[in-house]
Amino acid sequence: MKSLVKAKKEPGIWMQDIPVPEYGVNDVLIKIKRTAICGTDIHIYSWDEWAQATIPVPMTVGHEFYGEIVEVGKEVQGLKVGQRVSGEGHITCGFCRNCRAGKRHLCRNTLGVGVNRPGCFAEYLALPATNVIALPDNITEEQAAILDPFGNAAHCALAFDVVGEDVLITGAGPIGIMAAAIVRHIGARHVVITDVNDHRLELARQMGVSRAVNVKYQKLSDVANELGMLEGFDVGLEMSGNPMALNDMMKAMNHGGHVALLGIPPQETPIDWNQVIFKGLVIKGIYGREMFETWYKMIAMLQSGLNISPVITHNFPVDEYQHAFQIMASGQSGKVILNW
């Protein structure tokens, strides 16, 4: 089958012909229809320090997908050939304390599809049935292909009560933009998103934010004053991994505010802990998606009218994957989809 493989320990991704994956009695085999390129895939393509320390070579990459079931393991229940599906890309052990307590997103033994085990940038993917999400008919193929990152956004955006609250989002990448759409959809008052990338800030405006702020040219404090906010932001969603953005967020928070951290800093990051302690801030780290409550909620939000389509900016046939990766890496895009 056709696949995109990290075949060498150097920058790049290579298209190769590899065997169709075998599947076990508790697995399903999925015919891949659409995939989306993630920031993780760009790290792997670039072969940065994280990728060098994490990715076994060779490795079929990719973890954001839409497809249809073509084979079902003999012990699988509740799924059948022909169903439209996406899937959870974190494979958990099922036996640790958190897994047994129903908190699989906190499994210490997690393996990542397209990271530690073969991924979805291929014509077929074998996946444990427990990780497969059967899709309602009113979820489109494009929406299904980005449910994984949409789930990151939902997990973060729903970490704290945002109804009637003023929300600050630092980082207007695709996940930050989708988080902005979510908090607006569920009842936040003012939603402010910051970045230094004007292209992505414009995408955020299309998603209905109150203000999209380029912090190179405008101060957050001025924006808050213009919106009539006298006491700071109630909820902060840090999506950028930028140390300066994180500290700007701490300064902008109201006393007793809540901060969810999804962005990953590139190095050890100094924080002004006086902002945290004397303001009584609550900080929560966010990783992946809650299994599977986040999946239920994000599909329900799409069914109830949440529109995330503006974040999908490019579609390419898989044979044009090199150009697709370049577009995604440029920062001048939202989500980039490969059609198989």
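Using N, Cα and C of the backbone, Cβ positions are placed for all residues, glycine too.
As given in Swiss-Prot:
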ACT_SITE  Thr40  active site, charge relay system
ACT_SITE  His43  active site, charge relay system
BINDING   Cys38, His63, Glu64  Zn(2+) 1 binding site
BINDING   Cys93, Cys96, Cys99, Cys107  Zn(2+) 2 binding site
BINDING   Ile175, Asp195, Arg200, Leu262, Gly263, Ile264, Ile286, Tyr287  NAD(+) binding site
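Swiss-Prot feature annotations superimposed on the structure.
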residue: Cys38; record: Zn(2+) 1 binding site; contacts (Cβ under 8 Å, 6+ apart): Gly62, His63, Glu64, Asp148, Pro149
residue: His43; record: active site, charge relay system; contacts (Cβ under 8 Å, 6+ apart): Trp50, Ala51
residue: Cys99; record: Zn(2+) 2 binding site; contacts (Cβ under 8 Å, 6+ apart): Thr92, Cys93, Cys107
residue: Leu262; record: NAD(+) binding site; contacts (Cβ under 8 Å, 6+ apart): Asn152, His155, Cys156, Ile175, Leu237, Glu238, Met239, Ile286, Tyr287
residue: Gly263; record: NAD(+) binding site; contacts (Cβ under 8 Å, 6+ apart): Thr170, Gly171, Glu238, Met239, Ser240, Gly241, Asn242, Ala245, Leu246
residue: Ile264; record: NAD(+) binding site; contacts (Cβ under 8 Å, 6+ apart): Gly241
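Of the chain residues outside the Zn(2+) 1 site list Cys38, His63, Glu64, Thr35, Ala36, Ile37, Thr40, Asp41, Gly62, Phe65, Gly89, Val113, Gly114, Gly119, Cys120, Asp148, Pro149 have their Cβ within 8 Å of the site's Cβ mean position.
Note: the Cα of Asp195 (NAD(+) binding site) and the Cα of Thr40 (active site, charge relay system) are spaced 20 Å from each other. Between the alpha carbons (Cα) of Cys96 (Zn(2+) 2 binding site) and Thr40 (active site, charge relay system) lies a span of roughly 26 Å.
When Cβ neighbours within 10 Å are tallied across all protein chains shown, the highest count among the binding-site residues Cys93, Ile175, Ile286 belongs to Ile175. The binding-site residues under consideration are Cys96, Cys107. Their Cβ neighbour counts within 10 Å are lowest for Cys96. One way to see the shell of the Zn(2+) 2 site is to take the Cβ centroid of Cys93, Cys96, Cys99, Cys107; the remaining same-chain residues with a Cβ within 8 Å of it are Thr92, Gly94, Phe95, Arg97, Asn98, Arg100, Arg104, Arg108, Asn109, Thr110.
A Cα-Cα distance of 18 Å separates Arg200 (NAD(+) binding site) from Thr40 (active site, charge relay system). Once Cβ contacts within 10 Å are tallied over all protein chains shown, the binding-site residues Glu64, Asp195 are led by Glu64.
Its Cβ placed at the centre, Arg200 (NAD(+) binding site) has 24 other Cβ atoms within 10 Å.
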